[in-house]
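Here the structure is laid out as structure tokens; the discussion comes afterwards.
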Amino acid sequence: MSENTNNRQSRIRNFSIIAHIDHGKSTLADRILETTSALTKREMKAQMLDAMDLERERGITIKLNAVQLNYKAKDGETYIFHLIDTPGHVDFTYEVSRSLAACEGALLIVDAAQGIEAQTLANVYLALENDLEIIPVINKIDLPNAEPERVRQEIEDVIGLDASDSVLASAKAGIGINDILEQIVEKVPSPQGDPNAPLKALIFDSMYDPYRGVVAYIRIVEGTVRVGDKIKMMATNKTFEVIELGVSTPKIVMKDELSVGDVGFLTASIKNVKDVHVGDTITNAIKPAAEQLPGYRKMNPMVYCGLYPIDSSKYNDLREALERLELNDSALQYEPETSEALGFGFRCGFLGLLHMEIIQERIEREFNIDLITTAPSVIYQIETVDGESLRVDNPSKMPEKKEIESIEEPYVKATIMTPNDYVGQVMELCQGKRGDFIDMVYLSENRVNIIYHLPLSEIVYDFFDQLKSSTKGYASLDYEFLGNRPSKLVKMDILLNGEKIDALSLIVHQDFAYERGKAIVEKLKELIPRQQFEVPIQAAIGQKIIARSTIKALRKNVLAKCYGGDISRKRKLLEKQKEGKKRMKTVGRVEVPQEAFMAVLRINED
Amino acid sequence: MFCNSVAYREGVCMIKGAYIHIPFCEHICYYCDFNKVFIKNQPVDDYLDALEKEIAQSGSHPNLKTIYIGGGTPTALDTQQFNRLLNIVKKYLLNESIIEYTIEANPENITPEKLYLMKESGVTRLSIGVQTFQDEILESIGRLHHPDDAAKAVGEAKKAGFENISIDLMFGLPNQTEDMLIASIQEALKLQTEHISIYSLQIEPKTIFFNRMKKGKLTLPGQELEAKMFETLIRTLEEKGFNHYEISNFAKPGFESRHNSLYWQNEPYYGFGAGSHGYIYGQRVVNSGPINKYIQRVNNRGHACTATHQVSITEAIEEEMFLGLRMKQGVNKRHFYEKFGRPLNSLYNRTIKDLKQKGLLYEDEDRLALTHEGLFLGNDVFSSFLLG
């Protein structure tokens, strides 16, 4: 028995795939599933691991997923592979680090044409911190502009890995897949750990299932867990009884026990996803481990925005949607909020901008609620003259200037990787965003790492889009939270038709206030359609108007054309107009489209 | 197929109008997005064969009131072909019940022969595409004729005995000023026609203007000037005794277009010819647009209908509103009740209140209609009457 277990443990290989968006991670995962015959061709949906529609459409992975595969290697043995999928975006760094912690190895996928990107590098460092064996794979070698040799050199120069036997692959064309699988067998160490020691299982993901409660995705690091065991969450001290254990192949296979090295799922009638923290350790409640696994961190939202239903009768639907999403997303926070302009809604906290966009899109799509999203804000730390400390996550809640002693705002360390042709553009952009230059490192002859300290609020605005457009899409960005710093910030109000619109208020650095105010009123003029009357738009700091523009009155929109008997064309045109109106919120007497509330993010668009 | 059903044949007696499409042109205007092709090398004779077959298949029409031949350019046909067209209509559609028979004509190809043939064949009304009286603008919108041609065409039509002539004008054209529009209206008034249509330019996809606009090479008057032009033209024509009976249409009393009024009154009508639209027995039907496809379909099946849409009660109500409100007389509440079995006000209470408050809608005991301001912002009014 023990020998069997040991033998089995020695044949387990746990690995992740690290890749930049678009470098082919999902396609490679598909190929691996195909080659290990986890799925018959008929079952094979392209990009099997990305289950949610949204993930497939955006080509990114939001939720992690782990699959058990059997691979018959050239040495004649059958190995048990656990492929743990990781999200590939800056908002989810912590989740990536936990899923990497569940592995002994990682495939590093680098696009043979594009080379290493900032996000890839950040994740490679995470993998190295977790002591993972890294297998470099140079992908898309069948593309006409592939330069595998240059990329191989880059991997050696930039990361310091031995890339001499990196696999040259094309996941799309099915080239190099067997080499990858053989290297996993050879290079990735088998899991170490004592199956008889007290249980330590790392939670690297969770999801909510309406019938089974929270499903925790776990990696057994020490010990064994069996159905019926009493277990304890070491961070929250909550106890539960194990109902189900299993693995995904990716079909669900139930198990009686999971032991050292196994990667699978656990259910225990857990009602609340907030009881299952990613990074927490599950142990046995009767025979607990002495200490939890290292690296646990509670996730805090970095970005806040208001979500309001356009149709105010949908407020309850929105609350239900948030409740449902929260079940699956422990990082999502929300609380009710009221706006004079928008009525009842919620202030929601997110890990980052992508996280925010995904939640917003899911609410609109899956719950069919048209939303108004206010411009995202960070948390400002305010000391009042009365000695009170405030955390402000909504610009309209900022106290009057005379009541403020000091304001602090969050700063991040931003790492921007760019071809050296764009160094000037990147620096100009960072300076324009109140950045402090920290360092610049040449990674190779023509790739540069530029490091700036930047206010998070500037990144939240439109930094990423501007970075992409000023570097023709070549630069990539990674950032990490540094801490709060004092700043000279002021609140800017926007008035429509003479009325202050709280949902449009924003906090700006006083040196940039005029410039930004001007840009915003111009953008709003562009985004808000003509009304039956003239609408002045003003930007104000306190009582002082700093910028102004005017939307002219609508004068004529009647269709005065002979369409003959073609009524359907008239109808389509009117339906389009009516659809547009549905997506507008009447604020005072002005009909304001959704996009206008995000105008501040779009001031640099043409 | 509906074309052979008994119900359809019984329903025929209710259909009061027939539209016939002639999709051929000698020149393509830069703003036109109707179904049309250069006439050169086109199978015009085969087209007329197919048209005859399609019309013949539709049965007899003892109660038809209006016929309208539009295009394209019906007068682009040569004399022989044109005569053939008139004979087809005479054979299958024309009878004592017809009260209006219109043909669209371009000033440059109205010949005395064609006028004579039309008069002989029972055509009662001519609609002449003049568009504007400024030579440089005519050229810049792709029209072939000159201002003098328009006057000449109207003169000859009158000489041939036509007593119901309409001319089409346009405003909001590239580089057109308000003065130019006024001058065009003055010229049009001199011709003393019974009817004037003035359409505003709409830039539609798949037109030369659309492509120019995309490249930023089209200067349009803009909304303010367009509104001012609309205001001016309404005032000028009303002062001269024209009844502004529909958003784009003006008539001397008694000369309102009967055929077009069928559309606005949401009445059924036939559509014959390539790409034409009909409203038959509660269905919106569309014919194949491409000439060859149309001919082929008619030859194979006796009709060229490619799409039908059964209009639901809700849609019929919406259409009653957004078409009816185009007319000065608006929507009659009693007619509405008779047609749909429910009071207009009960369906649209909030909409009516809201639009009245905005000053766009007029209401009295009998009817709903656009106000003067509503005429300008018609689309806001129309779209409010969509129930979905």
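Glycine is treated like the rest: Cβ placed from N, Cα and C.
Per TrEMBL, these features apply:
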type    : residues                                                                                     : note
DOMAIN  : A:10-192                                                                                     : domain 'Tr-type G'
BINDING : A:Asp22, A:His23, A:Gly24, A:Lys25, A:Ser26, A:Thr27, A:Asn139, A:Lys140, A:Ile141, A:Asp142 : GTP binding site
Can you see whether DSSP assigns A:Ser26 (GTP binding site) to helix, strand or coil?
-> helix
Those binding-site residues listed as A:Gly24, A:Ser26, A:Asn139, A:Ile141, and which of them has the most Cβ atoms within 10 Å of its own Cβ | A:Asn139
Could you please provide the mean pLDDT value for the domain 'Tr-type G' (A:10-192)?
-> 82
Using DSSP reduced to three states, classify A:Asn139 (GTP binding site) as helix, strand or coil.
-> strand
